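A short worksheet on the structure shown next.
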Amino acid sequence: MSTIPENLKYADSHEWVLDNGDGTVTVGITDHAQDLLGDVVYVELPEVGTEVTATEQFSLVESVKAASDIYAPVNGEVIEVNDALNDAPELINEAPFEGAWIAKIKLSNAADLDKLLDAAGYSATIA
């Protein structure tokens, strides 16, 4: 069974969002998503400074099974990426909620967070 931390918000496209409390969020993919993908071998990170639009592709994760687009869960600007994934994409499998975040985004509108699912809502989508 997939781990679904209560302190995060979720998109139904399997991204998690951590509200950093300063107008920024940290984004990654869920345990359920990495489990479906299998062993991750490559992560295409967005470029810092890129404007992202909620529900549009902003990253890519490749595994031994498939390549999967990663969708921005909020509108904003990429302010930081997790360069550790360039050398260790397997972190996505090993620690999807800890060391394997993909990007930090400066929110265009904090109300975007209200459109995301809580842990119970996300759990219902993958049940």
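Cβ coordinates are placed from backbone N, Cα and C, and glycine is handled just like the others.
The annotation domain 'Lipoyl-binding' is assigned in Swiss-Prot to 24-106 on the grounds of sequence analysis. If you look up Swiss-Prot, you'll see Lys65 marked as N6-lipoyllysine, on the strength of sequence analysis.
In terms of DSSP helix, strand and coil, the domain 'Lipoyl-binding' (24-106) has 15 helix, 35 strand, 33 coil.
Cβ contacts within 10 Å of Lys65 (N6-lipoyllysine), excluding its own Cβ and spanning all protein chains shown: 12.
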